[in-house]
Amino acid sequence: MVKLSIEPVTRVEGHGKITVSFDENGNLDKVHFHVVEVRGFEKFLEGRYIEDAPIYTPRICGICQVAHHLASAKAVDAVFGVKIPETANLLRNLMHQGSTIHSHALHFYMLAAPDLMFPTTDDVLKRNLIGIAKEHPEIVKDAIELRKIGQTIVKVVGGRAIHPVTCVVGGQSKPLKEEEREELLKLSERAIELSEKSIEIGKKLIENIKEKDLLDIGYFESYHMGMVNDGVHELYDGKIRVVNAEGKVEYEFDPSEYMNYIAEGVRPYSYLKFPYLKDKGEEGGVYRVNTLSRLNVADKMATPLAQKYYEEFVKEFGKPCHYPMLFHYARLIELLSSAEKVKELLENDKIVGEDIRAEPEDIVGEGVGCVEAPRGTLIHHFKTNEEGIITDANLIVATVQNNPAMDIGVRKVAEKYLKSPDDANPQVLNYMEMVIRAYDPCLSCATHVIGNSENGLSLEVYKKNELVKVIRG
């Protein structure tokens, strides 16, 4: 048997591993994406006071921190049976949109753009942000500015740029000042400008991989899941909708009902679970979340400029769209939508209101909170005893839900490019990584992460359990 190993997968949040094995006749056998060490945040939360969950869960990740803060806060509100004031909802939504701007700009420019700009180069020193900066310094400057805008919004509303603290039981701990609103309004105009510019850059980069016949790497058809509000694209609060491979709505349900629709399987080669649609079975119920899936489930976007680009996207690529590489394009449409949404929220005078917190009265004992994290649907589910101590915590994270899709995607690449072990080369290695990066996995958010590697990326070829070849990437 010959086994190829790619470890770690680079330019993702956290680290992963891909293995490809061939049988004794040299035929492709198994291809898997692995996460091989456990962190176990769900167990850490047991025994903690429920009101502290929004402070603990952002520590899962430094990028998706706001989504965890919000999902936990919504779950905690449900545990106490409290409805938060309108102003608090506006502030939470504003913080969420700012975080989405930061995360989408980070992933597209710093993690994905090197794939789209230099997809076939063998020069790994070029296929990174520094390589882009040498040829297009203005692009990197725009990327940094977009990230800064997003983080500024989070800092102003959340109290900190990293690990915000203002979501509390019943609402928010601090209001937005008028001078802060005026500052953020100016930034929102710039964010819209830079987001539109990003879409135009993205179009050219997508055309680049189309010309190199790489648009379809990792392609397969599946169900898609995302949040909608009366059918409109939504990130903060709404129903969860699932469409099938033809685009027909299969389900639309309240997040608190998720256990009726989603089940989780386990496999021996990964600590990540493998979610699937319960009534479709583990093999037939594979679904995807994240940016492209959200566009697939929505009838339209919530903001006018994003709607214009959404219509262009659907006209060119159809709906539903199943190409993993187009998660990047969808990410840019959402980037613009969030920038527009920031402006819309700030123009609402209620956002500077003083009524930002409702007092809880009793402990219900169980609550579910859900938002669309940048990487997909995020669900926090807590149970407590009568004293408000967490007895059970379940975190359904976006990356976990895309785990089956990433597993399938790397196999599709291997089936196309690895007819035998001799076909292994750094370029094919990178194609498999490109599929993983398209889903923008956050392996820390999945509450699991593999150890660090000091040796960079390598592909090892084994024959009869003996190392015969090492390809450095």
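The backbone N, Cα and C atoms fix where each Cβ goes, and this holds for glycine too.
Per TrEMBL, these features apply:
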{"type": "BINDING", "residues": "GLU42, LEU395, HIS448", "note": "Mg(2+) binding site"}
{"type": "BINDING", "residues": "CYS61, CYS64, CYS442", "note": "Ni(2+) binding site"}
{"type": "BINDING", "residues": "CYS64, CYS445", "note": "Fe cation binding site"}
GLU42 (Mg(2+) binding site) -> DSSP, reduced to three states, gives helix
Rounded Cα distance in angstrom between LEU395 (Mg(2+) binding site) and CYS64 (Ni(2+) binding site) is 13
Rounded inter-Cα distance in Å - CYS442 (Ni(2+) binding site), GLU42 (Mg(2+) binding site): 16
GLU42 (Mg(2+) binding site) to CYS61 (Ni(2+) binding site), Cα to Cα, whole Å, comes out at 14
Going by DSSP, give the three-state secondary structure for CYS442 (Ni(2+) binding site). strand
Just to be sure I understand the packing, how many Cβ atoms besides its own are within 10 Å of the Cβ of LEU395 (Mg(2+) binding site)? 22
State the count of C-beta atoms found within 10 angstroms of the C-beta of CYS442 (Ni(2+) binding site), not counting that atom itself. 27
For LEU395 (Mg(2+) binding site), name the DSSP secondary structure in the helix/strand/coil scheme. strand
Translate the DSSP assignment of CYS64 (Ni(2+) binding site) into the three-state scheme. coil
Give the number of CB atoms, excluding that of GLU42 (Mg(2+) binding site) itself, located within 10 Å of its CB. 16
